[in-house]
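Residues or ranges marked as transmembrane segment by TrEMBL: 12-33, 39-72, 140-159, 209-228, 240-257, 307-328, 348-377, 470-492. According to TrEMBL, the feature domain 'Amino acid transporter transmembrane' maps to 20-67, 134-466.
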Amino acid sequence: MAGGITDTGELYSPYVGLVYMFNLIVGTGALTMPKAFAAAGWLISLVLLLFLGFMSYMTTTFVVEAMAAANAQLRWKRMEKRKDDEDEDSSSGVSDSDVLLQDGYERAETRPILSVQRRGSANIFEITERVEMGQMASMFFNKVGVNLFYFCIIIYLYGDLAIYAAAVPVSLMQVTCSVTGNHSCSVGDGTKYNDTDKCWGPIRRIDAYRLYLAAFTLLLGPFTFFNVQKTKYLQIMTSLMRWIAFILMIILALIRIGRGQAEGHPSMAQLSGIRNLFGVCVYSFMCQHSLPSLITPISKKKHVNKLVLLDYILILAFYSLLSFTAIYCFHNDTLMDMYTLNFTNCEIISVAFIRYFLGLFPVFTISTNFPIIAVTLRNNWKTLFHREGGTYPWVVDRIVFPAITLIPPVLVAFCTHDLESLVGITGAYAGNGIQYLIPAFLAYCSRKDTQLVFGSGTVNKHLSPFRHTFWIVFVLIWGFSCFVFVTANIVLSESKL
C-alpha cells in the first residue's frame with residue numbers, strides 16, 4: 001500500500017476498474033452505516049453522505065493527478081540519467097550537440113503536449129507505472145511530511161485491524177449466544193442483551209466474545225509473520241458473497257416494508273449522532289490509499305475521472321438505498337452495530353440457511369482480509385524505520401514488527417466491541433487524514449514540483465477538474481475543522497457523563 005513502485009499487473013478495461021473500485025469502497029463500513037443513519041436522523045444523514053461523497057471524489061481526482069505527476073518525474077529522471085550516461089560515454093565532453101539536445105528538450109516542454117505526441121513521443125504524464133502513496137509522499141513531501149504520512153496510514157491500518165478483530169467475534173457471539181436457548185431465532189428480535197448475560201451455562205456473553213477473539217487471533221494472527229498475497233479467486237469469492245449479502249438485505253427489508261411490517265420511525269435530525277455518522281461515512285468512502293493499485297492497470301485512462309464520478313454516484317445510491325430501507329424497516333433501538341445481524345430473526349426470514357449466511361457473513365469476508373491488512377501494516381512499519389542500505393536483525397524483522405502489528409488491535413478489540421465507535425473514531429481521525437489532508441497536500445506539492453521541473457506551460461493530462469487552488473485550501477480547512485469538531489464533540493460528551 002505505501003511502498004514504492006510495484007508491478008502494474010495485468011491490464012483491464014475501464015469498466016472492470018469501475019467494478020473493482022466499487023468492491024473496494026463498499027465494505028465493512030456499509031454494515032455500520034444503518035445504525036449511524038438512525039442515530040443522526042435521515043435528513044442530516046443524507047446531506048452529510050452526499051457532501052462527504054463529493055469530498056471523497058474530489059480528493060480521489062487529486063491522487064490521480066499526483067500519480068500522473070509522479071510518473072512524469074520518473075520518466076524525466078530516466079531521461080536525464082540516460083543523457084548523463086551518453087555524456088560519460090562521449091570522449092569529447094560537453095559538445096554542441098549536447099547543448100542542442102538540451103535546448104530541444106526545453107522547447108519540447110513548452111510545446112503543446114499533443115504536438116509532442118504527434119512526433120511519436122509517449123505523453124510524459126501517462127500513468128503506466130504503479131507508484132504507491134508512500135513513494136509519492138517521498139517524492140513530493142519533506143522528511144517531516146513523509147513521517148506524518150506513515151504515522152497517519154499506520155494509525156488507520158491499526159483501526160482497520162481493530163474493527164476486523166472485533167467484528168468477527170461479535171458476529172459469532174450474536175449468532176451462537178442466546179438466553180432462550182434458540183440460537184437460530186433469538187438474534188435481532190429486539191431483545192437488548194448485556195455483556196454479563198449468560199451465553200452457555202456459566203459462560204457470559206462477554207466471555208464468549210473473548211473466546212472467539214482468542215480463537216480468531218490464534219488462527220489468523222500467525223499470517224502476520226509471513227507474506228500473504230490476495231489471489232484472484234479469493235477476490236471473486238469475497239466479492240460474490242458481499243453482493244449476495246447486500247442484495248438480500250435490501251430485498252428482505254423492502255419486502256417487510258411492502259407488507260406493512262415496518263417498525264422504523266426515524267427522526268429528521270439528531271445532532272448527537274453526527275460524530276459517529278461522520279466517521280462511518282469517511283470510513284465507508286475510503287479508497288484513496290489503494291488508488292495506485294486500481295487506476296494504473298486500467299488500459300484506457302482518458303476518461304478516468306468521469307468513470308470515478310460514475311462509481312461515486314452508484315455508491316451514493318447504494319448506500320442511501322441500504323440505509324433508508326434499514327431505518328424504515330427496523331426500529332431505531334433494534335438496529336445492530338453490524339446490520340447483517342438484524343436478519344437472523346425468524347420473523348424476518350424463515351429460511352435458516354439465509355439467517356446463518358447473513359449472520360456469519362462478516363466472519364467469512366473479514367477473515368480473508370485481516371491477514372492482508374496485517375501484512376500491509378507490518379511492511380509500513382518496516383518502511384518507516386528503514387535506512388538506506390541497512391538491514392534488520394532476524395528477531396526484529398520476523399518477531400518484533402509482526403508483534404507490534406498484531407498485539408495493539410487485538411488488545412483494543414479485547415477492551416471493546418463497540419463497532420460503531422471503532423469505525424467512527426478510525427474514520428474521523430486517521431481516515432480524515434488519508435482521505436482529505438494527504439491527497440490535498442499531494443496535489444499542491446506535485447503541482448509545484450511539476451512547474452519547477454517542466455515549466456509553467458506544461459499541462460498534466462490528468463489534472464483534477466478541481467484545479468483551482470481554492471479547492472485544495474477548502475479541503476485542508478475542512479479536514480482540520482473535522483479534527484477540531486470531532487475532538488470537541490468527544491470531550492463535551494465525556495464531560496456530560
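Every residue gets a Cβ built from N, Cα and C, even glycine.
Please treat TrEMBL annotations as automatic predictions, because they have not gone through curation.
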Which one of these stretches, 140-159, 307-328, 348-377, 470-492, has the most C-beta pairs shorter than 8 Å to the transmembrane segment (209-228)?
348-377
Do at least three C-beta pairs under 8 angstroms join the transmembrane segment (39-72) to the transmembrane segment (240-257), pairs 6 or more apart in sequence?
no
For the transmembrane segment (470-492), distant same-chain residues with Cβ under 8 A (at least six beyond the ends):
55, 58-59, 62, 274-275, 278-279, 428-429, 432-433, 436-437, 439-441, 443-444, 464
Taking 3+ C-beta pairs under 8 angstroms (sequence gap of 6 or more) as contact, is the transmembrane segment (307-328) in contact with the transmembrane segment (240-257)?
yes
Maximum Cβ pairs under 8 Å to the transmembrane segment (348-377) - stretch from the list 12-33, 140-159, 240-257:
240-257
DSSP residue counts for the domain 'Amino acid transporter transmembrane' (20-67), split into helix, strand and coil:
45 helix, 0 strand, 3 coil
Sequence-remote partners of the transmembrane segment (140-159) [C-beta within less than 8 Å, at least six residues beyond its ends]:
1-2, 66, 69-70, 133-134, 289, 373, 376-377, 380-381, 383-384, 408-409, 412, 422, 425-426, 429-431, 433-434, 437-438, 441-442, 445-446, 449
Sequence-remote contacts (6 or more beyond its ends) of the transmembrane segment (12-33), Cβ cut-off under 8 Å?
163-164, 167, 235, 239, 242, 246, 280-281, 283-287, 290, 294-295, 297-301, 303-304, 307-308, 310-311, 314-315, 318-319, 322-323, 337-340, 362, 366, 419-420, 423, 427
